[in-house]
Every structure is written in C-alpha cells, then in structure tokens.
C-alpha cells in the first residue's frame with residue numbers, strides 16, 4: 001500500500017491525538033530493548049575486575065603479575081602493559097567501527113534486526129573470551145564484544161524513542177542508561193563473588209556475559225520492529241499493526257499513524273542522505289552541540305574510571321577484594337543516580353539535568 005493511500009484522519013484534522021498510554025506491551029518491549037544496555041554495562045564492569053585477578057594475569061600477562069610482586073608502596077606503574085591496555089581498549093576500537101556501520105544497517109534492516117545481530121555477535125564474543133587459551137583469542141573475543149555492543153548501542157536508544165509514548169519517552173529512553181548502570185553493578189558483584197574461585201574465576205566472569213546477551217537476543221525475536229522503521233521500508237500494514245500492539249487495541253492510533261506517515265514521507269522526499277544533510281549550515285548548532293556534549297562527557301574521564309575502577313583502587317593501595325568491592329560501590333552510586341534522573345527527566349526536563357549534572361561534575365572534579 002502506498003504511504004499516501006494509507007493517510008486518513010477520522011477526526012478530519014492533522015494533529016497527533018495519541019493518548020500516550022503506557023501499556024504492558026510497550027513496557028515489556030522496551031525492557032527487552034533496554035537490556036542491550038545491560039550487556040554493555042556488564043562488559044564495562046567486568047574488564048577492570050578480571051584484569052586485577054591474579055589467575056588471569058598469570059595466564060596472559062605474567063609480566064604485570066611480576067611487577068605487582070615487586071611493587072613498593074607506590075604502585076602506579078604496575079599495570080603499565082601495552083598488551084593489557086589493548087585487551088581493554090580493543091572493545092572500544094571495534095565498537096567505534098561497528099557504530100559507523102550500524103547507522104546504515106539500522107535504517108536498511110530495521111532496529112529489531114540490528115539488535116538481533118548485535119546480540120548474536122556479543123554471544124559469540126562471550127564464548128570466545130570465556131574459553132580463551134591465549135592472548136590473541138582473548139582479544140578476538142573482546143573485538144567481537146565491541147562489535148556487538150556497537151550495533152546494539154545504536155539501535156536500542158532509537159528503538160526506545162520510537163516505541164515510547166510521548167509523555168513517557170524520556171523515562172523509557174533513560175531505561176537504557178539504567179540497565180547500563182545495572183550491568184556495571186552486576187559485573188562488579190560477579191567479580192567479588194568469583195574472585196576466590198581461583199583459576200576459573202576470570203572465565204566465569206567473562207562467560208557470564210552470555211546470560212544477559214542470550215536473554216536480550218531471545219527477547220528480540222518476540223518483539224515487533226518500530227512503526228517508523230517499518231514505514232521507512234515500505235511496510236505500511238506491518239507498521240499499523242505494530243502501533244496498535246504497543247498502544248493497545250482500544251486506543252485511537254490513526255492520528256499518530258498518519259503523523260508517522262507524514263514524517264516518513266518527508267524523510268523519503270529528501271534526496272540527500274542524513275549524513276550530508278546534517279552538515280548543512282542550518283543544522284550546525286545541533287551538530288556542534290551533539291558532538292560537544294558527547295565529547296565533553298567522555299573527556300571527564302568517566303569511561304576510564306568505569307573500565308579501570310578495580311585497577312585504580314589497587315594502584316592506590318587497596319587489596320584485591322577491597323578494590324573489587326570499591327568498584328561495586330562506585331557502580332551502585334551510579335545506578336542510584338540513574339534512578340533519580342529517570343524519575344525526574346520528564347518532570348523537570350533535560351536541560352535542568354544537564355545543568356545540574358554539569359555543575360556537580362565540575363565541583364567533584
């Protein structure tokens with residue numbers, strides 16, 4: 001069915017009259033999609049823990065373990081190993097490459113397909129890392145994990161934004177960050193509990209990542225693609241059914257559906273690709289702000305702290321268990337603040353949270 005033929009507004013108007021109910025269907029669907037953040041957070045939290053476990057270092061990085069044994073009270077350089085750094089950073093390197101490809105795949109194949117692809121790749125990466133017998137195999141597993149997260153991190157927030165009712169959009173999109181923070185906490189606790197298990201501790205820590213990945217991947221098989229994505233690919237009837245499923249059969253979805261069709265037509269009518277369009281002069285403020293916000297957030301060093309928290313605690317003199325517990329507490333604080341922002345985001349607005357968060361970071365730094 002052509003998009004133009006599908007447009008009809010029983011109310012005779014052009015406004016979007018969606019009642020915005022938060023149905024059980026949309027909650028379940030969004031939880032499945034947001035769980036992509038769980039696998040990302042788990043991998044952030046787990047890497048710092050395993051790199052501080054002696055059985056892991058003994059097998060793959062014995063030179064680091066030797067430095068630890070010979071260290072004086074000033075321990076800042078005991079983890080100075082380019083190979084050990086590659087183990088951690090390879091995750092981000094492959095994630096960067098995947099994110100450059102994921103945008104196109106998300107448009108061409110849909111949000112659901114991208115989530116599924118990322119979940120499968122992450123599952124394979126977890127298995128390769130958990131059964132690693134040498135450094136090359138270990139880093140290959142990390143590269144696969146990065147590819148998986150690169151795809152899911154692109155698709156999940158878009159999926160959540162397109163599925164959520166307008167009045168709940170901020171909270172449901174924030175659910176991705178909530179699951180990410182939760183993944184960090186879970187990983188930190190796993191590190192604490194498996195560390196005393198000796199030689200298999202690091203294998204369990206890395207391999208357990210397959211559990212949330214499997215849950216997300218299986219869940220994605222049973223959720224619909226977003227109406228916007230389906231319309232972009234010309235699947236009008238499927239888009240209508242998807243919207244009815246998430247809004248409820250008793251809701252008047254026609255005004256919202258017509259609005260989605262108009263937006264899709266406007267997008268398809270643009271002969272220039274989105275990557276060319278965003279560089280136009282009129283979009284320059286949005287481009288600059290989006291790049292500045294993302295870049296400055298990373299330049300605060302938060303990702304380095306998240307990845308290397310146990311290592312940082314070890315470097316300032318904490319014992320192995322104390323370092324892992326400190327990382328768990330750090331993750332718990334992050335999770336708690338995410339809950340607060342989820343509650344407030346649709347009440348006080350995004351701008352207020354940016355200002356408050358920025359001031360708080362500035363004071364703490």
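The backbone N, Cα and C atoms fix where each Cβ goes, and this holds for glycine too.
Automatic prediction, not curation, is the source of TrEMBL annotations.
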Annotated stretch (transmembrane segment, per TrEMBL) among the listed ranges 5-25, 26-46: 26-46
Listed range which TrEMBL flags as transmembrane segment, given the options 83-102, 143-162: 83-102
Which listed span TrEMBL calls transmembrane segment, if the choices are 114-133, 234-253: 114-133
Transmembrane segment according to TrEMBL, located in which of 200-223, 272-295: 200-223
Where TrEMBL places transmembrane segment among the ranges 57-79, 172-194: 172-194
Stretch among 26-46, 172-194, 200-223, 323-345 sharing the most Cβ pairs under 8 Å with the transmembrane segment (114-133): 200-223
Positions whose Cβ lies under 8 angstroms from the transmembrane segment (172-194), at least six residues beyond its ends: 26, 30-31, 33-46, 49-50, 53, 156-157, 160-161, 163-164, 200-202, 204-205, 208, 212, 306, 309-310, 321, 324-325, 327-328, 330-332, 334-335, 338-339, 341-342, 345
